[in-house]
Amino acid sequence: MKTFFIKTYGCQMNVYDSMIMSRIAKNLDLEQVNSVDNADLVILNTCHIREKATEKMYSELGQIKAIERKKSKKIITVVAGCVAQAEGDIILERANNVDFVVGPQSLHTLPELLGKVRRLQSKEISLEFEPVEKFDLINQQDYSHDGIVSSFLSIQEGCDKFCTYCVVPYTRGAEYSRPVAEILNESCKMVDAGIKEIILLGQNVNGYHGKNEDGTACDLGNLIKILGRIPRLQRIRYTTSHPSDMHESLYKAHAEEEKLMPYLHLPVQSGSNKILKHMNRKHTVEQYLAIISRLRKYNKSMAFSSDFIVGYPGETDRDFQDTLDLVKEVKFAQAFSFKYSPRPGTPSASYSDQIPEDIKHERLMILQDLLSAQQLEFNRSLIGTSVSVLFDRVHKNKDQIIGRTPYMQNVYLDTTEEYGTLHTIHINEAFLCSLSGNILDPYEINHENLKAKHLS
């Protein structure tokens with residue numbers, strides 16, 4: 001066995017876990033390839049949030065089996081992630097070409113499981129909730145060969161909220177916050193390896209409550225203040241947040257910490273208090289709007305994105321209109337919206353007042369049209385301004401690099417020489433999903449700053 005391929009479904013936490021599994025495989029002297037066809041080991045890192053993602057996984061397993069038949073070779077096949085945690089033995093029964101199943105909190109067992117499969121040709125399952133052991137493995141990770149400039153850093157995992165539609169508490173376990181010293185140590189290793197932007201990651205990241213070395217608790221706002229002191233770290237972000245976990249030190253961080261980007265992904269899910277209560281979201285529309293208002297008061301540059309679920313059981317036309325009204329009031333820079341998908345084992349899956357698919361689809365289209373219009377309006381508002389852009393990706397055509405503004409918009413540059421750099425870009429065009437502009441030279445940057453001071 002010489003090569004491996006990882007396919008990632010779902011959220012940023014899965015992207016982070018795939019990064020860990022990739023390093024584990026490379027430490028076993030395996031080379032990463034970009035297709036199943038060339039792989040001896042395939043890992044499907046799965047998502048269980050929506051039924052569609054689960055079915056995609058089973059379809060992919062069928063395709064892997066077809067490749068095995070065509071090439072007359074055995075591909076060691078691993079199912080990881082939240083579907084693995086939720087379905088376990090069912091996966092082995094439904095897809096007999098799967099060799100082992102590993103849950104999201106058991107990634108540290110991957111080398112042992114792989115060794116057993118290779119030696120004994122056995123089927124293996126590892127679904128223990130062991131976040132401490134998982135993070136012990138993460139603390140040993142080497143970033144020096146990654147060549148990346150922006151990276152996730154998991155600081156909190158699991159969820160205690162138990163929203164009625166969500167499987168995360170069942171697949172990721174209870175909330176766990178890493179100690180401050182561990183996070184600081186890993187952050188410094190990342191920066192030493194050339195990483196300039198760290199995205200703090202958690203299912204409820206603003207509910208972080210890790211321990212300082214003296215045993216006292218540290219919240220997210222104070223953690224950001226600590227990380228902000230790291231030399232050469234240029235940007236800090238965090239995702240995903242829950243409205244009920246916003247706190248004073250986090251508001252202050254958005255006002256005082258220059259490295260913290262003025263952009264927050266804050267899921268609301270619905271604009272109806274009735275639906276929010278049925279979802280067990282633990283906040284009201286009024287509380288959500290108060291958070292938005294307060295953050296804008298602390299930092300006038302703040303912009304927001306969110307998540308929405310349409311067609312939740314019992315959602316009436318009035319409830320849906322309430323969601324549209326909230327969107328119009330907040331004016332989101334970006335947002336993600338989905339049709340409600342009942343997940344086995346969650347309370348709302350058994351509710352009798354399910355919404356027909358055609359109504360879900362109609363509402364989703366209306367909401368997405370509104371959100372797209374707001375996104376384009378926000379992007380156009382930056383025309384004529386100068387924004388900082390971190391160029392963190394090379395385009396697949398290899399002749400362009402792609403960067404992100406503080407507000408997560410893509411900016412394309414017709415060169416690859418500036419990869420990994422932070423530039424001030426004067427924006428001259430705006431599209432739905434990207435911006436374009438020109439790099440300002442130092443004189444122009446100073447001139448722009450003088451103009452801004454004069455205008456203020």
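Every residue gets a Cβ built from N, Cα and C, even glycine.
Quick look at what TrEMBL annotates:
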BINDING   C11, C47, C82  [4Fe-4S] cluster 1 binding site
BINDING   C159, C163, C166  [4Fe-4S] cluster 2 binding site
DOMAIN    2-119  domain 'MTTase N-terminal'
DOMAIN    145-377  domain 'Radical SAM core'
Task: Proximal but sequence-remote residues of the same chain as C163 ([4Fe-4S] cluster 2 binding site) (Cβ under 8 Å, at least 6 apart) - done: Q269, M279, N280, R281
- [ ] Could you tell me how many residues in the domain 'MTTase N-terminal' (2-119) are helical, how many are strand and how many are coil under DSSP?
- [x] 65 helix, 23 strand, 30 coil
Open item on the list: I need the CA-to-CA distance for C11 ([4Fe-4S] cluster 1 binding site) versus C159 ([4Fe-4S] cluster 2 binding site), whole Å please.
Closed with: 14
Task: Rounded to the nearest Å - Cα separation of C47 ([4Fe-4S] cluster 1 binding site) and C166 ([4Fe-4S] cluster 2 binding site) - done: 12
Task: Extra residues within 8 Å (Cβ to Cβ centroid of C159, C163, C166), [4Fe-4S] cluster 2 - done: K161, F162, Y165, V167, V168, P169, Q203
- [ ] Could you measure between C82 ([4Fe-4S] cluster 1 binding site) and C166 ([4Fe-4S] cluster 2 binding site) for me? Cα positions, answer in whole angstrom.
- [x] 12
Task: Integer average pLDDT (0 to 100) for the domain 'Radical SAM core' (145-377) - done: 97
TODO: For C82 ([4Fe-4S] cluster 1 binding site), list the number of other Cβ atoms lying within 10 Å of its Cβ atom.
DONE: 27
Open item on the list: Take the mean position of the Cβ atoms of C11, C47, C82, the recorded [4Fe-4S] cluster 1 site. Which other residues of that chain put their Cβ within 8 Å of it?
Closed with: Y9, G10, M13, N14, T46, H48, I49, A53, G81, V83, T171
- [ ] Report the same-chain neighbours of C166 ([4Fe-4S] cluster 2 binding site): residues 6+ apart in sequence with Cβ closer than 8 Å to its Cβ, ordered by sequence.
- [x] I49, C159, R343, T346
Open item on the list: Just to verify: the residue among C11, C47, C159 with the fewest other Cβ atoms within 10 Å, which of the binding-site residues is it?
Closed with: C11
